[in-house]
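*Asks:* Take a look at this one; I'll ask things after.
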Amino acid sequence: MMFFWREMVHDSIVCFFYYLAVTASLYFRLFIALERYCFIACPLLDCLRQTEGSVLVCVLVWVFCSVSALAVFLYEFVRLIIYAALPAPLFIFCLAGTLKALPAATSVPNEEKRRIVGTLVLLLLNYFLINLPAVILLTLNLYPHFPETLIDFIIIILFLFSSLLDFILFAFMCKGPIDRLLARLCCCSMESNNTGDVTDVSTDRSDHVVRDGGKEETGSHDGR
């Protein structure tokens, strides 16, 4: 709604609040990714999951978003730094660091690990497939009539509907049917490994049975 309001009104106050809303949406998602990473890699930082720590971080994010929105409003090409240069490495670092720290997090249940990885993958795909192309397109747009091509139109439509990701993100972070879906996605590799282990065990058992049978036959011939 604010996107269309901004295009129709062209008021400076409306533009500022529009940039503030977009920045807050992006950086709160980034904060969720950082919190999920700290839950696995840095379990001692439990203050982020407490009420006081969450409120403090939210206030800091809003202050940063206000300053960033003002900078984007004053200098147009600063949005590439605010929306692209800062979040992209952090999203990649959170997913890579979480995957690296998963084997050491023995106290975290497997269901929680799957939810965390699914949440980080969802946030990463949303940023690189929806947010980042729209930011680059809106910043480097030099066309007199926008959008000009079908790809531009699709990118803008996806950017407008990116807020619906919050419902999917909420489902990934809650216990429920998503756990079954993630468990089924993870079962393929586990079943293949288990099949190989069962084959090896059955082969070893057959070898032991053949050897034991040969020993029994040899013992019976010696007795005779």
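Placed from the backbone N, Cα and C atoms, the Cβ positions cover glycine too.
Okay, these came from TrEMBL:
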- 202-224: compositional bias 'Basic and acidic residues' (COMPBIAS)
- 1-170: domain 'G-protein coupled receptors family 1 profile' (DOMAIN)
- 199-224: region 'Disordered' (REGION)
- 16-34: transmembrane segment (TRANSMEM)
- 55-75: transmembrane segment (TRANSMEM)
- 81-99: transmembrane segment (TRANSMEM)
- 120-143: transmembrane segment (TRANSMEM)
- 149-174: transmembrane segment (TRANSMEM)
*Asks:* Between the transmembrane segment (149-174) and the transmembrane segment (81-99), do 3 or more CB pairs sit under 8 angstroms, pairs being 6 or more residues apart?
*Replies:* no
*Asks:* Of the listed stretches 16-34, 120-143, 149-174, which one has the most C-beta pairs under 8 A with the transmembrane segment (55-75)?
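*Replies:* Selected stretch: 16-34, with the most Cβ pairs under 8 Å.
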*Asks:* Who are the long-range neighbours of the transmembrane segment (120-143) in its own chain, taking Cβ under 8 Å and residues 6 or more past its ends?
*Replies:* 26, 29-30, 32-33, 36-37, 76-77, 79-80, 83-84, 87-88, 91-92, 94-95, 98, 152, 155-156, 158-159, 162, 165, 168-169, 172
*Asks:* In the predicted model, what is the mean pLDDT computed over the domain 'G-protein coupled receptors family 1 profile' (1-170)?
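*Replies:* The average pLDDT of the model in the domain 'G-protein coupled receptors family 1 profile' (1-170) works out to 82.
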